[in-house]
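To keep things clear, I will list the structure first and then write my remarks on it.
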């Protein structure tokens, strides 16, 4: 294992979050809150070289993506760049993954467009409030709440987002004007106005899509460089790798050069990005009110306007970032601290709002570029952040010539992998019922994102509750028939267990025994006891605990692992024993068949 991975893996002590925490001022606690202290003392020149290459590669990827994602968010292009650098610097100090890069993403940009009405002031305030919520969740260790959003719900949402974002860029790819942003209206007006397609934009956009696809395929099939290769071969491999990794920047630069060439001749067949505010963003507090043509909108009114976005945006931001971090930590064999990741992304959004950033999260695509570039530590983000700042200060005048069709091609190629077709076959083979929340989420997200996520999560929870209330039971025949609920004994399952006992366990010459692997420690155990007494009324009951002879136990004050009924002559209620531990004393009393 590389030493950089070892250093990052030590950033979180084993069992962090479960064991009692050390004093907040102890070295271990400080290192847990500042993971940079775990790897910085071992930093080497070799790490610096690899981090510089990775940071440069990510920087060349994020600049065109940031300009494009601002379009998805319905904001001026410079806001994409404003959102692309703060996460690089914050994560340098607080991140527990060497691979993750924070910044604007397609999905979060889509959510921002839904809840901020294309108004930058709303987007910046949403970043601040999202950061506050994420920080609070990190300090309170509430990351487990994300576990209630199941995989089918996530896949349904991301697939719907891919369709929504991708189709939303068709208008820019074809040069269509005055197309509404609401999805269904967008589909209608796009096909209605298809005859107004600008040939120049359509041709350039399709050429950019093809170039991006070819470069991506080349990147996927470039063989690894080996030291024994001749220098010329290694050099050619390096050039191909650089070109294919920075394909977004190359294609956008090519399109801008073509547009500039036409501009010089006095004829412009493309719709251009246009003027972008020059210079670095001013540092100022988030706007807690905004002045419009109809008057001043107060902070309270802005919060009311954003509504469900104050829950959806921070939760989806956390979900996307944690999923990316866990994926690459598992792939590269190191550990992350999920609660520390919540703090990192929360502080990024809070501080980002001071420089006019909209909400950001971990980017899967740029994180993949970072990992494939051989990044060793989060220091690679410093190079990316500096590159974005330099582009804001010196290159904004050149961004004027970038055709919107080229940015549309970048977005379409970025979101295409989000549409997961394999998940349908996987769920069909594993658990077909999970296709229901997938379809519900996918379809409703075209209407309103929050309704799709909420409805899909609700359906998933109902499926989970159904499995608890009606657990599958294993039965083994013999002198003692054993019923073993697969999910343990929980109060919603009492009625189902009662029916199983009455309909099956008390039939025939054998006696029943009920085993519960999941255990039970609740007052409703009394209800099970009453059902069992009713089933064996007229006969004395006895209870036994692990390792003891049968004895009376109170179900109100003792936990138990299983419930057994031996024929019609007695009952065994073992507490913390093995599943259905029926004593030999009782088994010996089973009548012969």
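Using N, Cα and C of the backbone, Cβ positions are placed for all residues, glycine too.
TrEMBL entries are annotated by machine, without manual review.
Values in this document were obtained by computation on a predicted structure and should not be read as measured data.
Feature annotation from TrEMBL assigns domain 'SLC26A/SulP transporter' to 48-441. Under the heading transmembrane segment, TrEMBL lists 52-70, 76-94, 101-117, 123-144, 156-179, 199-218, 239-262, 308-329, 341-360, 380-400, 407-428, 440-465.
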Would you call the transmembrane segment (308-329) and the transmembrane segment (239-262) in contact, using three or more Cβ pairs under 8 Å, pairs 6 or more apart in sequence?
no
Considering the transmembrane segment (156-179), which listed stretch of 76-94, 101-117, 239-262, 407-428 counts the most C-beta pairs under 8 Å:
407-428
Looking only at the recorded stretches 52-70, 76-94, 101-117, 407-428, which one has the largest tally of CB-CB distances under 8 Å to the transmembrane segment (239-262)?
52-70
Sort out for me which stretch, of 52-70, 76-94, 101-117, 199-218, 440-465, has the most Cβ pairs below 8 angstroms to the transmembrane segment (380-400).
52-70
What parts of the chain pack near the transmembrane segment (407-428), using Cβ distances under 8 Å and only residues at least 6 beyond its ends?
64-65, 67-69, 71-72, 106-107, 151-152, 155, 158-159, 161-163, 165-166, 169-170, 172-173, 205-206, 208-209, 212-213, 216, 248, 251-252, 273, 365, 434-435, 438
Distant-in-sequence neighbours of the transmembrane segment (341-360), which means Cβ under 8 A and at least six residues beyond its ends:
33, 73, 75, 79, 82-87, 90-91, 94-97, 100, 102-105, 108-109, 111-112, 116, 120, 123-128, 130-139, 143, 280-286, 313-314, 317-318, 321-322, 325
